[in-house]
Amino acid sequence: MIAECIKKVASHSDLSVYEAKGAMQDIMSGNATDGQIGAFLTALVMKGETSSEIAAFASVMRENAVQITPKRNGMLVDTCGTGGDGKNTFNISTAAAFTAAGAGVTVVKHGNRGATSKCGSADVLEALGIKIDISPERVCEIIDENGIGFMFAQSHHPAMKYAGKVRKEIGIRSFFNLIGPLSNPAGADAQLLGVYDSPLTEKIAEVLNILGTKRAMVVHGDGYDEITTTGITQVSEVNDGQVRSYSLDPSSFGFQKADAASLFGGDSQYNAHIIRSVLSGDEGPRRDIVILNAAAAIYLGERAGSIADGIKYAEKSIDSGLALEKLENLILLSGGKNDS
């Protein structure tokens, strides 16, 4: 299948859902050669991937994942980004995940080690003392008990090994950078998903809609794959089959405009220190951006009727110590080590 698809894509023709799924299954099953994978990825980048193609690729990745089924106490929410924005911030969506969990949202956090940054979510969680390479069954138990757990992508997507070498060798951004965040192994009902380029907000929202995601906010703010406090964020929101796009201004929620330098991160140990400081109540621009992103996750998880209400719940989560408690519990339950 993939050989025929390469020819079609090279002629700048779009793939049908059947063709896209077939090509992706060839990759995920190890039936495609490295040369075929490289040619396919390159041709797709040159043509440009359609929403239906990306959805088809993601659906196959989901089918090949080691999935888990946590108990549903309301919506299951994931907070993640594509990475690749080049901003080198601390791990904002990871801090927001603990804050949302402290507000009563069940968070099924999915992530990996950093590819384009010094520190991915897996790296910073490990630096915080969390054991990340645990069985999927144990992750499911932790989510049920703690209301937040972490699914390490390498443990849940073993078939990705077939594409890993080629992706590194060709060194170009491809649909694989997009479908990881679209392939939550717990079947998240709602997602706060940051993308590295503004035009992707609508396209990825369309993909999530095709995949049946109940609620989502796909965001890109002032160059960040986050809701930002440095400027305006472009949002494409999915809500029960409908997609609407709008701009979000942090000043309308009372946040001061942040300077980009105040959001810089570093290596995993440095970023872990920042997250623990924010969850411990330190104030300033780092707290502000975590609060704003957590508020969106709380809103998507239907624990708040609006982002404005979500901000109040996020602030309470941190100030009450509940967000930090979720972190401490995850360290303990994962069998990790707390060095704080």
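Just so you know, glycine gets a Cβ as well, placed from its N, Cα and C.
Pulled from Swiss-Prot:
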- Gly81, 84-85, Thr89, 91-94, 109-117, Ser121: 5-phospho-alpha-D-ribose 1-diphosphate binding site (BINDING)
- Gly81, Asn112: anthranilate 1 binding site (BINDING)
- Ser93, Glu226: Mg(2+) 1 binding site (BINDING)
- Arg167: anthranilate 2 binding site (BINDING)
- Asp225, Glu226: Mg(2+) 2 binding site (BINDING)
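Known features from Swiss-Prot, placed on the structure.
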{"residue": "Gly81", "record": "5-phospho-alpha-D-ribose 1-diphosphate binding site", "contacts (Cβ under 8 Å, 6+ apart)": "Ser93, Pro181, Leu193, Gly194, Val195, Tyr196, Asp225, Glu226"}
{"residue": "Thr89", "record": "5-phospho-alpha-D-ribose 1-diphosphate binding site", "contacts (Cβ under 8 Å, 6+ apart)": "Tyr224, Glu226, Leu263, Phe264, Gly265"}
{"residue": "His110", "record": "5-phospho-alpha-D-ribose 1-diphosphate binding site", "contacts (Cβ under 8 Å, 6+ apart)": "Asp78, Cys80, Phe150, Met151, Ala153, His156, Pro181, Ser183, Asn184, Pro185, Ala186, Ala188"}
{"residue": "Asn112", "record": "anthranilate 1 binding site", "contacts (Cβ under 8 Å, 6+ apart)": "Gly120, Ser121, Ala122, Phe152, Ala153, Gln154, Gly180"}
{"residue": "Arg113", "record": "5-phospho-alpha-D-ribose 1-diphosphate binding site", "contacts (Cβ under 8 Å, 6+ apart)": "Gly120, Ala122, Asp123, Gln154"}
{"residue": "Arg167", "record": "anthranilate 2 binding site", "contacts (Cβ under 8 Å, 6+ apart)": "Leu41, Ser174, Phe176"}
